[in-house]
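Visitor: Below are the structure tokens for one structure; questions will follow.
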Amino acid sequence: MIQVLLVTICLAVFPYQGSSIILESGNVNDYEVVYPRKVTALPKGAVQLKYEDAMQYEFKVNGEPVVLHLEKNKGLFSEDYSETHYSPDGREITTYPPVEDHCYYHGRIQNDADSTASISACNGLKGHFKLQGEMYLIEPLKLSDSEAHAVYKYENVEKEDEASKMCGVTETNWESYEPIKKASQSNIPPEEEAFYQRYIELVVVADHRMYTKYDGDKTEISSIIYEIVNTLTQIFRPLHIRVALIGLEIWSSGELSKVTLSADDTLEAFGEWRKTVLMNRKRHDNAQLLTGMIFNETIEGRTYKSGMCNPKHSVGIVRDYRTRRHFVANRMAHELGHNLGIDHDRDSCTCGANSCIMSATVSNEPSSQFSDCSLNKYLNYIVRYQSTTRCLHNEPSETDIVSPPFCGNYFKEVGEDCDCGPPANCQNPCCDAATCKLTTGSQCAEGLCCDQCKFTKKGTACRPARGDWNDDTCTGQSADCPRNGLYG
């Protein structure tokens with residue numbers, strides 16, 4: 001049994017009201033300095049893990065006590081995760097680093113239903129959390145006292161510049177790619193289709209400008225990408241999409257595709273490189289280029305609308321122009337949203353925040369939420385283009401999840417019948433969130449052949465016909481929808 005470690009942090013808080021300090025996120029005003037004192041409560045004889053599966057931090061923000069609950073993001077890496085860089089003479093070097101005991105967490109604030117947190121615990125606490133609708137950042141201070149941390153509101157980070165920035169996908173060009181083959185009408189109601197789990201196996205590429213920007217420090221670049229993807233996985237959870245990092249590549253010896261001031265040309269070249277090189281080397285669903293290039297026309301990212309699963313068009317490019325990882329994760333989520341058929345938000349779209357993920361202009365305070373319009377667009381996309389987005393159905397096998405099973409992390413792992421998340425978040429009547437077992441009388445909790453907790457009748461169509469092939473049908477013995485030879 002995995003022991004849950006509860007860590008209580010007692011903090012001495014020293015506010016620096018009106019003062020300014022240069023932190024990793026930039027120049028910050030009005031921050032608080034906190035000194036964590038870690039109290040560990042492990043059962044007698046329990047083994048101390050380097051990075052615990054669950055942690056709890058108690059501290060004060062603006063004089064008020066808060067309790068931060070954290071759980072390790074166990075779906076962050078795939079089993080065959082790899083990292084690739086290049087020697088000075090251009091020779092490819094690929095490694096398979098152990099990632100089981102990583103230090104990246106998701107979390108929430110106790111008694112705040114709308115709270116979120118994305119934290120790295122690798123060297124102190126670093127990341128962001130939302131409390132009472134406001135975004136806070138936390139990071140270790142680079143002082144001789146290694147226990148000192150800074151906590152500050154996102155709004156107190158001085159902006160690099162106030163020029164309006166934008167996504168490169170505009171109304172005049174976002175139809176540049178649409179899947180040619182459209183699925184016939186599904187027998188599955190759209191409201192049910194929205195709740196089926198999908199998966200994006202992601203490769204992130206750091207270009208040579210990123211490599212030189214960070215002085216050739218591959219470890220730092222990798223950590224940056226881990227933080228970005230950790231936030232990315234949290235952003236896509238409401239869409240029932242699990243994002244797993246399957247590969248990371250650093251162009252350490254030079255650019256491997258053309259990177260220019262033109263975002264369009266850069267995207268075109270990167271898509272061609274993905275199709276002809278990367279896909280032959282690494283199985284994945286989507287690739288994102290993180291670049292140090294400053295594009296023309298204040299463009300921060302570019303992609304192909306509805307390009308997901310296409311060999312050349314399931315790509316995006318994102319500029320790494322800020323040290324705030326949450327901001328870059330927001331832009332990458334935005335481009336992935338376009339890949340999934342989502343348009344820019346209109347003025348009438350809402351998400352409960354000042355700005356939403358799919359806003360056409362880049363907000364200085366990024367959102368972590370998709371709007372109501374985005375959710376509807378995504379649902380329309382997956383219903384309309386089922387046959388061309390089948391890569392999203394490639395669920396990792398239970399043995400592909402590299403960490404030990406942990407009930408409540410949304411991943412069905414070895415020994416579990418289901419996993420609908422923590423009890424407070426679970427909305428699946430077929431699954432007991434406390435045990436990750438099926439509820440009494442239930443045969444299944446999810447799947448194309450699961451209806452009201454029971455296996456669908458044998459012969460029921462679960463995936464519509466494609467071309468000359470007949471419908472895929474349920475067996476009556478499983479919640480899975482078996483694929484015919486065309487898609488097997």
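Every residue, even glycine, has its Cβ placed from backbone N, Cα and C.
According to Swiss-Prot, the protein has these features:
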- Glu335: active site (ACT_SITE)
- Glu201, Asp285, Cys391, Asn394: Ca(2+) 1 binding site (BINDING)
- His334, His338, His344: Zn(2+) binding site (BINDING)
- Asn409, Glu413, Glu416, Asp419: Ca(2+) 2 binding site (BINDING)
- Cys309-Cys391: disulfide bond (DISULFID)
- Cys349-Cys373: disulfide bond (DISULFID)
- Cys351-Cys356: disulfide bond (DISULFID)
- Cys407-Cys426: disulfide bond (DISULFID)
- Cys418-Cys436: disulfide bond (DISULFID)
- Cys420-Cys431: disulfide bond (DISULFID)
- Cys430-Cys453: disulfide bond (DISULFID)
- Cys444-Cys450: disulfide bond (DISULFID)
- Cys449-Cys474: disulfide bond (DISULFID)
- Cys462-Cys481: disulfide bond (DISULFID)
- 198-396: domain 'Peptidase M12B' (DOMAIN)
- 404-488: domain 'Disintegrin' (DOMAIN)
- Asn296: N-linked glycosylation site (CARBOHYD)
- 1-20: signal peptide (SIGNAL)
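Structural setting of the listed features?
Guide: Under DSSP, Glu335 (active site) is assigned to a helix (H, G or I) in the three-state scheme. The Cβ of Glu335 (active site) has 25 other Cβ atoms within 10 Å, all protein chains considered.
In sequence order, Glu201, Asp285, Met308, Cys309, Ser314 are the residues near Cys391 (Ca(2+) 1 binding site), counting only same-chain partners six or more apart with C-beta under 8 A.
Counting every protein chain shown, 23 other Cβ atoms lie within 10 Å of the Cβ of Asn409 (Ca(2+) 2 binding site). The DSSP secondary structure for Asn409 (Ca(2+) 2 binding site) is coil.
Under the DSSP three-state reduction, Cys309 (disulfide bond) is assigned to coil, being neither helix nor strand.
The C-beta environment of Cys349 (disulfide bond), restricted to residues of the same chain at least 6 apart in sequence and closer than 8 Å, consists of Cys356, Met358, Ser371, Asp372, Cys373, Ser374.
In sequence order, Ile357, Ser367, Gln369, Phe370, Ser371, Asp372, Ser374 are the residues of the chain that are 6 or more apart from Cys351 (disulfide bond) and have a CB within less than 8 Å of its CB.
In this view, Cys426 (disulfide bond) is surrounded by 19 other Cβ atoms within 10 Å of its Cβ, with every protein chain counted.
Neighbour count (other Cβ atoms within 10 Å of the Cβ, all protein chains): 24 for Cys436 (disulfide bond).
Around Cys420 (disulfide bond), the C-beta neighbours below 8 angstroms that are at least 6 residues distant in the chain are Tyr410, Cys426, Gln427, Asn428, Cys431, Ala433, Ala445. In the three-state DSSP reading, Cys420 (disulfide bond) counts as coil.
Its own atom aside, the Cβ of Cys453 (disulfide bond) has 19 Cβ atoms within 10 angstroms in the protein chains shown.
The Cβ of Cys444 (disulfide bond) lies under 8 Å from the Cβ of Cys430, Leu438, Cys450, Cys453, Lys454, Phe455, Ser478, Ala479, each on the same chain and at least six residues away in sequence.
Counting only same-chain residues six or more apart in sequence, the Cβ atoms lying under 8 angstroms from the Cβ of Cys449 (disulfide bond) belong to Phe455, Thr456, Thr460, Cys462, Cys474, Thr475, Ser478, Ala479, Asp480, Cys481.
Secondary structure at Cys462 (disulfide bond), taken from DSSP and collapsed to helix, strand or coil, is strand.
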Visitor: Can you figure out which of His338, Asn409, Glu416 (the binding-site residues) comes closest in space to Asn296 (N-linked glycosylation site), comparing Cα atoms?
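Guide: Among His338, Asn409, Glu416, His338.
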Visitor: Count up the helix, strand and coil residues in the domain 'Disintegrin' (404-488) according to DSSP, in that order.
Guide: 0 helix, 15 strand, 70 coil
Visitor: Check the domain 'Peptidase M12B' (198-396) for me and report the mean pLDDT.
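Guide: The answer is 90, the mean pLDDT of the model over that range.
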Visitor: Listing them in sequence order, which of the recorded positions His334, Glu335, His338, His344, Asn394 have their Cα within 10 Å of that of Glu413 (Ca(2+) 2 binding site)?
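Guide: Correct set: empty; none qualify.
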Visitor: So of all those recorded positions, His334, Glu335, His338, Glu416, which one's Cα sits nearest to Cys436 (disulfide bond)?
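Guide: When the Cα distances are compared, Glu416 comes out closest.
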Visitor: Within 10 Å of Cys407 (disulfide bond) (Cα to Cα), which of the recorded positions His334, Glu335, His338, His344, Asp419 do you find?
Guide: Asp419
Visitor: Most Cβ neighbours within 10 Å: which of the binding-site residues Glu201, Glu416 is it?
Guide: Glu201
Visitor: Spatially speaking, which of the binding-site residues His334, His338, His344 is closest to Asn409 (Ca(2+) 2 binding site)? Use C-alpha to C-alpha, please.
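Guide: Ranked by Cα distance from Asn409 (Ca(2+) 2 binding site), first place goes to His334.
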